[in-house]
Amino acid sequence: MTVTGIIAEFNPFHYGHQYLLSQARGLKIVAMSGNFVQRGEPALVDKWVRAQMALENGADLVVELPFLVSVQSADYFAQGAVDILMRLGIDTLAFGTEQLFDYQKLSRLYSEQAEHMTAYLAALPDHLSYPQKTQSMWEAFAGLSATGDRPNHLLALSYVKASAGKKLQLQPIKRLGAGFHSEAKDQCLSSATAIRKHIADRAFVEKSSPNAALILRAPQVTWEHYFPLLKYHILTSPDLTEFFQVNDELASRISAAIRSIATVDELVEAVATKHYTKARVRRVLTYILVKAVEAPLPEGIHVLGFSKKGQAHLKTIKASVPLISRIGAKPWDQLTQRADTVYQLGHMDMPEQTWGRVPIRPGAMN
């Protein structure tokens, strides 16, 4: 049987995600971001709610990406997620993309030319952002023209690199409906960005997600719920460079801006440059918020939920893969658990995110 992996955030789950799951083949394993997502933001609703949405729409197994995989640049995010999915026994990786290319061919190219492509990337001028450098590399080696604002395609190219040299079939699925960053409310398939933007519009959410009731019932948070704590950490930390990926320049820019701004968006605008993208700045601010430092990734894989098929699959691999189904006295990943504790502070009705939680099973009360 085909075992398909899907890397996702489902922030929140919408009809485009439902379509992606419907097109994936065989048993479907989702490696999903936890309570903080790749672009350096808190998820709108918590990881347990999002796992339930996935399971109700065709996923067979949902596992959590550790914090230092979830909140990373595209290449590290992709590599960490693919590594976890490979340990879970996938043979296919399905992903949405705005542009359909022969990604399998690109993966073979990278496996053969990785050293030269990496050297080319390193030689590009520093005034270019990493996404710009990556686009230039693929244009030079594979003839791919600049893709503009195509975040799913750019992430797909990171999956190409992460899958190079592995026995993994790539299944690109054409993205339908609104663009990734579109905030439009008049699209047939609205984006997660639009749902987050218009979350107060109940009718819009109800027409945009098959799980609208779950989304609307759950505690919802944004960056602004955490700004006072972020500001406190910035103002009271003696050395911001002790936190993950905070260099001297970023520390200086953040410290200089923090006293004169009133929101996270204003802080990001003040700190970002051509070299430091807004996404990178948001990730750095997330690291400061949760006091993240460099740490090894956990050996165990945290299971958020499963169907009957998913449970049967877990039984076939549990002897060779350390699976965590309940976090108790022994921690799974201390950094991810600290991030969960911070996340809980964002809303007075936010349920416990770690201790005593057990995997979700469709149709069963958690």
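For all residues, glycine too, the Cβ spot is worked out from N, Cα and C.
Copied over from Swiss-Prot, here are the features:
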type	residues	note
BINDING	7-20, GLY96, ASN152, ARG175	ATP binding site
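The least crowded of the binding-site residues PHE13, TYR19, judged by other CB atoms within 10 A of its own CB, is TYR19. PHE10 (ATP binding site) is surrounded by 29 other CB atoms, counting those within 10 A of its CB over all protein chains shown.
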